[in-house]
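Asks: The structure's right below; bear with me while I get my questions together.
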């Protein structure tokens, strides 16, 4: 503030010198009293950011923080150095009793102490080792006679004595018990092969051909296609089967129907024993029949169309057959 007052005084003197043309410069006046404080000036604009200040002094250590979360187990560290032995610590609290150590060596016999109080009876100890055999004792006196013992085991058989004289013949004994069955004897030699039995035979199978199809009615059908007739029991010329072996026979027929209706019968000695009828529709058809009959020697069996030519539609060609079969089941002789 003093600097401001000094500048004001010097300014006033300068103005008075320039205003007086003839005035001389006098001696400096006495400095005036300080003026009153002026009004505070307005805030200046923010200056540019200053340089970074020097680092402050380290603060005082803070208080201990809260315990953090337990971290994962770290890897084992390297073996530390063996430091010098530290100062002996205070005695720790008494630990739990340890296991029994090995038996120590027997110490010297101490002085006999005062008799202690009788303790509780201890547990039974382990069986001790057998001690050495003691010296033989003196022979005792003979004891009293004991009771009679049990009979001993039978001794060995003695040598046979001399043969005695023959005694008188005794009475005849009863018959003995029947003995056990003997062992099975060896198998005998194989016998000679016997003669084969004569089995009676009789069989045939015959059929129609293109020539013999549509046979005439009311007469034995002459089957001229021989499939089997080794014994010639079926006569192709007559169309009849003649019995040469008395017995039971089976007869069967299979017919193809074409262009006309069919009505056939199986005849035995002139008697019709089986009938088959089939009506022709528009294509080939099949029909069949079978029967078992007992025959005597000389009996005759055949097939024939019944009902006229309207019912003789028995057909045969390269692809279709009409057959008649008979054979012996078993003989009655």
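Glycine is no exception: its Cβ is also placed from the backbone N, Cα and C atoms.
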Asks: Annotation 4-hydroxyproline in Swiss-Prot: match it to one of 58, 102, 108, please.
Replies: 58
Asks: Candidates are 31, 97, 132; I want to know which one Swiss-Prot annotates as 4-hydroxyproline.
Replies: 31
Asks: From 64, 147, 156, pick the one Swiss-Prot annotates as 4-hydroxyproline?
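Replies: Per Swiss-Prot, the residue annotated as 4-hydroxyproline is 64.
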Asks: From 52, 73, 88, pick the one Swiss-Prot annotates as 5-hydroxylysine?
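Replies: Swiss-Prot annotates 5-hydroxylysine at 73; the rest carry no such entry.
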Asks: Which of the listed residues, 91, 162, 175, has Swiss-Prot annotated as 4-hydroxyproline?
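Replies: Per Swiss-Prot, the residue annotated as 4-hydroxyproline is 175.
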Asks: Can you break down the domain 'Collagen-like 3' (134-193) into helix, strand and coil residue counts using DSSP?
Replies: 0 helix, 0 strand, 60 coil
Asks: Is the compositional bias 'Basic and acidic residues' (183-193) packed against any residues at least 6 beyond its ends, judged by a Cβ distance under 8 Å, and which are they?
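Replies: That would be none at all.
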Asks: Hey, of 31, 64, 115, 151, 160, which of those modified residues are within 10 Å of residue 73 (5-hydroxylysine), Cα to Cα?
Replies: none
Asks: Using C-alpha positions only, work out which of the modified residues 40, 160, 175 is nearest to residue 64 (4-hydroxyproline).
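Replies: Spatially nearest to residue 64 (4-hydroxyproline) by Cα position is 40.
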Asks: Rounded to a whole angstrom, what is the C-alpha distance between residue 160 (4-hydroxyproline) and residue 31 (4-hydroxyproline)?
Replies: 187
